[in-house]
Amino acid sequence: MSVGIDEISFYTSNYYLDLKTLAEVQGTDPEKYYTGIGQEKMGMAAPDEDIVTMASSAALPLIERVGPEAVSTLLFATETGIDQSKAAGIYVHRLLGLSSNCRVVELKQACYSATAALQMACALVARKPDCKVLVIASDIARYDLDTPGEATQGCGAVAMLIASNPRLVSIDPEVGNHTEDVMDFWRPNYRSTALVDGKYSTKIYLKALKKAWDNFRDVSDLAFGDFSRFCYHLPFSRMAQKAHQQLVRHNKVGLSADEQEAQISDTLLYNRIIGNSYTASMYIGLTSLLENTEEDLSGKRIGFFSYGSGCVGEFFSGTVVAGYREALHTEYHQALLAARREIEHDEYLQLYRNQVPADGGEHRFAEGTTGRFRLAGIAHHKREYVIC
Ligand code: CAA
């Protein structure tokens, strides 16, 4: 019996800022963003959108297919937590009408926690092969204005159904990890934007990749040449290119630049126009790979490197299942991305400056999202969600 990803779907906001607009306002060469960091557009959450509404929208197509009673556990990964106590997934549980017998928990370790959720879900399914576990990763990436991180914002959520004999990707049990207490990127409880030591964070990412890979090689029989494609955590597309170049060098593999690029390029297409979605980004990258690669990937091995600042890195592997294309939501995702509206810089600033009111009063939020779920308001410190 194999265990892994049976179905995958993502959601992002209907607003985006083109990074050439940001570059123009900043007096920066747009090529710094388009080529230098490999990003074109960044998603901006609507005023009535948060990690719960995005997560619910991401999971809806999956739940519509299997039915709400089918899910035994919901694991919700995020680093944009909305409550120190209550798991954001509880709201999603209600909005999707999941069974009261379905357990829900939230996981945190920066951008890595969706991978912890995936591995835990696989373990639950291995123990009880009839069950289906819903893993959702949902985040809004925010940095201070006029900082190097500003161009790497974004927002998105991904939902994955983990099951036995999956239709998309079977996940191998062997993993390589690297954990180290470092301050490369963090967000103290009293801040709404992340603090980051940008250049240092990229160095730590690369170090964690090398260490996690070495640990993976200790526990797995697989070598670099067994992999057809690689999915990396995607804070920005260039990071994956740098990571892959390093992995190729580390393994002393003789691949041309074009051959290296071909192993990752299809994973970058969606993130390049969505921006960083933290926990969701690598799995949106996987969706991009499966939905955009012309070659039939059936039976091909994929290497995954998941990274969460602070830091935890994990390298693991999976194999694409024959017939996977039948289980994809390609048209739905491409229509979602095509229907987004470009915003100008002043509208971007308005959306950016939307703060969650903390005074306990009654607040209604302007309608902005075109998704199926809205954060209609907050009253007496309670979030009020509606289904549109
Ligand atoms: N044309 C083409 N390329 C240009 C250019 C131009 N006109 N101008 C600059 N560039 C290139 C630079 O040469 C550089 O390329 P290399 O990295 O290959 O040298 C690239 O564009 C970036 O330029 P800078 O180094 O000057 O960029 P910066 O210092 O302004 O910002 C950053 C880069 C530090 C990554 C910044 O975007 C940042 O702080 N981002 C947030 C942190 C982050 O994402 N870290 C990633 C690892 S941590 C992680 O992965 C967790 C997470 O999700 C946050």
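Cβ atoms are placed via backbone N, Cα and C, with glycine included.
Taken from TrEMBL, the feature domain 'Hydroxymethylglutaryl-coenzyme A synthase N-terminal' covers 2-165. Annotation source TrEMBL lists (3S)-3-hydroxy-3-methylglutaryl-CoA binding site at Asp29, Tyr143, Lys242, Asn276. Sequence annotations record features per position, and here TrEMBL assigns active site, proton donor/acceptor to Glu79, His233. Sequence annotations record features per position, and here TrEMBL assigns active site, acyl-thioester intermediate to Cys111. Summarising the annotation, TrEMBL assigns domain 'Hydroxymethylglutaryl-coenzyme A synthase C-terminal' to 176-248, 251-326.
Counting only same-chain residues six or more apart in sequence, the Cβ atoms lying under 8 angstroms from the Cβ of Asn276 ((3S)-3-hydroxy-3-methylglutaryl-CoA binding site) belong to Met42, Asp139, Ala141, Thr152, Gln153, Gly154, Leu234, Pro235, Phe236. Screening the recorded positions Asp29, Cys111, Lys242 for a C-beta under 6 A from any atom of ligand 1 leaves Asp29, Cys111. DSSP assigns Asn276 ((3S)-3-hydroxy-3-methylglutaryl-CoA binding site) to coil in the three-state reduction, placing it in neither a helix nor a strand.
Within the domain 'Hydroxymethylglutaryl-coenzyme A synthase C-terminal' (251-326), the DSSP-based counts of helix, strand and coil residues read 33 helix, 18 strand, 25 coil. Neighbours of His233 (active site, proton donor/acceptor) among the recorded positions Glu79, Cys111, Tyr143, Lys242, defined as a Cα within 10 Å of its Cα, are Cys111. Annotation: His233 carries the greatest number of neighbouring Cβ atoms among the recorded positions His233, Lys242 [cut-off 10 Å, Cβ to Cβ]. Cα separation, Cys111 (active site, acyl-thioester intermediate) to Glu79 (active site, proton donor/acceptor), rounded: 7 Å. Annotation for Asp29 ((3S)-3-hydroxy-3-methylglutaryl-CoA binding site): spatial neighbours Ala23, criterion Cβ-Cβ under 8 Å with sequence separation of six or more. Note on the domain 'Hydroxymethylglutaryl-coenzyme A synthase C-terminal' (176-248): DSSP counts are 37 helix, 13 strand, 23 coil.
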